[in-house]
Amino acid sequence: MRMLFSRVAPAYRRDVPRVALLALLIGMIAAALIDHPGYTDAFYYYNAAQRMVNGLGMTDAAVWTYIGAPAGLPIPSHLYWQPLPSLIAFGGMSLFGASFGAAQLAFLPLYALLAVLGYALGALLGKSRRIAWLAALLTMFSGYYFPYWFTTSTIAPFGVFGALSLLSMGIGRKMGAWTWFVLSGACAALAHLTRSDGLLLLIVLLIVALWRVPLRSGALMAVAGTVAYAALMAPWCLRTLTVTGALLPVGGLDTAFMRSYDEIANYPPSVSFEHFLSWGLENILESRLWALSVNIGRFIGEQGLIALTPLMLYGAWRKRREPILSGFLLYAPLLFILMTFVFTFPGARGGLFHSGAALMPFWAALGAVGLHDLLVYLAPRRKWRLNQAKIVFGGALAVLAILLSLMAFSNQRDAWNNSGALYQALSLPREAIVMINDPSALYYFTGNMGVVLPNAPPSVIQDLAARYGVTHIVLDQDYTKPMEALWRRQDVPFFLDHLYYDGKVRIYRVRTQGADREPN
């Protein structure tokens, strides 16, 4: 513990529970204001947890991608996405009841731990309680991330376990202690059990352990981290092997070969390297340049809270030789490169945002350090009183972060709390199995099982109806491009009967074999 804090260790130790309690209070208030999971990922993880609580096992009543999906409903859950967010929600619901609020409660300690990590990094890098507190506040009020800490998604667990893994490997490298790499490897596994790209943390761990380190000690640190990682990953790999025949979820690497994000819903699920190359070099380069511009904007706005960006980059430069940042300084650019130039469409559509959660305590601490070092440089030149400047500028930065976080929270809360209107207004039969854009949200609000609207011509609906028992098709204005004719009620296949249209939603019924066709 002595190396984690400065010489005034008792004062720092007293601050830690204060930071945690403040974060828990903020988290409880924010969570209480959110009524529903809010978006596809969060609906998916919550639904899986609810089914486990209800004794239905790890099963899924909504197919959101056809990659690796077997026929029939329900299907085994978490064939594509990882299980830990659902398991965390399951823990909360097992203790406090089968409700979304109960699931949220299990994520609040993660938010508190994240704030403590921000404080610890501020103390380690800034050697100042003022810097540590500012880092903690910037971690808690993290701008566009703020509302996502309190729903059933990957953001909170990946943020905590990813950051812990990076910090532990940095401390382990600084101290030359293999025990820290055990913690880092275990946290890397927990991050991987949250998101598939958590595997990158293990790769970073191995580089940090082995790079410019005596072979014997480096090998010991690498082996310790790898063994801890493998021990925690093994049970889930065995489950995946039993269900799918593969150790890891199928199809994840195929997303590198997408021509657009809509191809996540291809049917048949045909994304291949040959398909990607046939797109042509010009399109491939244009897509990467598009993702670069999007992800630069995401980095500045989401990870950098706009105004914090130059300060945290300045802080990172000033602390670039600090051993505890060795994992972070490797992981951050590697993540950006992968989510821009390799997994281009998933990365630009949210992959960078979700996996970037692990960087937020670091950026918060580096932003606080960068502000401090900049003021130390500017104060004598501008004839400012240094302590007064620290209070004014540090306070202004904290207020800006709080305002940006509250604005993001207000916008997301309104959208999430009103996200059920479309599904509840459909009034479909309870036994209907529905093809729709977001079957996970549909299941949450109505209990109807469903499959995702495919990125394919309407002719494939007949095959999907036979495969999954689909009875109704619901299209809204976000239909996939091949479904445009069906949205416009043109060239309607013989096996579909038109039921309803109000300008925002169009509904078809799949005609059972032998039934008379209704006029379309």
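Cβ coordinates are placed from backbone N, Cα and C, and glycine is handled just like the others.
Automatic, uncurated: that is what TrEMBL annotation is.
Here the structure is a predicted model, which means the values were calculated and not measured.
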With TrEMBL as the source, identify the stretch among 20-39, 360-379 annotated transmembrane segment.
360-379
Spatial neighbours of the transmembrane segment (131-149) not adjacent in sequence (6+ beyond its ends, CB under 8 Å) are 12, 15, 19, 22-23, 26-27, 30, 34, 38, 107, 110-111, 114-123, 125, 155-156, 159, 301-302, 305-306, 308, 353, 357, 360-361, 363-365, 367-369, 371-372, 394, 397-398, 401-402, 404-406, 408-409, 412-413, 416
Check the transmembrane segment (87-119) against each of 177-193, 360-379, 391-409 and return whichever range has the most CB pairs under 8 Å.
360-379
